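I have placed the structure first, in the form of structure tokens, so that the comments after it can refer back to it.
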Amino acid sequence: MEQNTDNVFNFSAGPAALPKAVMQQAQQELIDWQGLGTSVMEISHRSKEFIKVAQEAEQDLRDLLNIPDNYKVLFCQGGARAQFAAVPLNLLGDAETATYIDGGYWAESAVEEAKKYCEPDVFDAKTEIDGKVAVLPASEWKIAPEAAYVHFCPNETIDGIEINDLPITDKPIVADMSSTILSREIDVSKYGVIYAGAQKNIGPSGIAIAIVRDDLLGMAKQVLPSILDYKVLAEKESMFNTPPTFAWYLSGLVFKWLKAQGGVKSIETVNREKAKLLYDYIDQSDFYRNGVHPSNRSLMNVPFQLAKPELDATFLELADAKGLKALKGHRVVGGMRASIYNAMPLEGVQALVDFMKEFEQNYA
């Protein structure tokens with residue numbers, strides 16, 4: 001039986017929901033794109049039609065993030081995990097270490113990959129405040145004097161932890177923004193490298209973005225695959241090999257959609273409203289709990305637990321029947337998780353809160 005998609009809200013952590021308007025446009029254009037009689041998936045990545053798609057996508061992203069001219073925007077393959085290797089291979093130079101700030105699972109995953117190429121200097125920034133998980137302020141991070149760069153993950157999707165400040169350092173700051181890019185305003189000029197897997201706030205899986213400051217290009221001293229070499233990708237305009245053209249095209253549509261919403265500043269206002277609505281309800285309830293201190297709560301990923309964990313399966317089943325999809329928490333932490341990326345409308349979060357109220361009344 002076909003479900004009314006107007007009443008379905010997808011809370012998946014990634015691949016995540018795409019804006020409905022983007023999906024509808026892609027659907028309309030799928031078979032006959034721009035009157036060519038073919039799909040955008042079927043044309044050459046070096047055709048003038050696709051070159052225009054690529055150039056517009058880059059310019060729109062530059063506009064949205066106010067990216068300075070001395071940064072390259074690279075459309076990469078391999079997702080953020082490929083960047084876990086690309087970062088040390090491109091940035092270490094003659095150095096033997098880099099400082100990695102450990103704020104959670106994904107930061108730790110980056111460390112494990114970096115160990116293949118250097119001896120990471122790991123600073124554990126995790127702490128507790130009033131019995132809740134938190135992260136030490138950046139002013140307290142210890143950065144090795146000999147570090148080639150400082151790497152951190154501003155948003156941990158699994159734990160629902162967000163880091164909102166930056167250290168004062170002369171080292172290049174590298175940020176894995178896979179789950180937070182385009183969700184709030186940032187000053188790109190404070191970073192050396194920003195990278196992000198696409199499948200949360202950019203587009204479908206299969207592509208990643210790397211924003212690299214010009215002076216960090218060409219530093220690689222180690223042998224590294226050309227496909228991961230920032231300098232090669234910059235020189236070839238992200239077309240060293242055949243790129244994932246459909247993912248690139250869809251990402252471009254998302255950028256245009258976001259500009260139509262008023263840009264990052266406007267979407268940040270909506271994102272803060274969505275997060276406040278959900279956190280406020282959880283905090284006033286004795287039936288639901290979020291274990292992250294308010295100072296480090298994620299705007300994008302809201303994990304929560306039931307007072308009666310034995311009801312988890314029932315909660316998920318009934319939520320799914322209401323059109324509230326993909327609320328199961330990550331296997332590492334269990335419970336529930338609502339991922340409320342840019343494409344999630346306020347109405348979706350309100351529908352979730354209404355369901356949570358109803359469930360609490362029936363099962364508390």
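Don't overthink the numbers, they just go from 1 along the chain as shown.
Cβ from N, Cα, C; glycine included.
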Further pyridoxal 5'-phosphate ligand in Swiss-Prot, beside Ala80, Arg81, Trp106, Thr157, Asp176, Asn241, Thr242, within candidate set Gln55, Gln199, Gln284: Gln199
Thr157 (pyridoxal 5'-phosphate binding site), number of other Cβ atoms within 10 Å: 24
Lowest local Cβ density among Arg81, Asp176, Gln199, Lys200, Thr242, which the record lists as recorded positions, within 10 Å: Thr242
Nonlocal neighbours by CB distance (under 8 Å) for Asn241 (pyridoxal 5'-phosphate binding site), same chain, sequence gap 6 or more: Gln77, Ile227
C-alpha spacing of Lys200 (N6-(pyridoxal phosphate)lysine) relative to Thr157 (pyridoxal 5'-phosphate binding site), in angstrom: 10
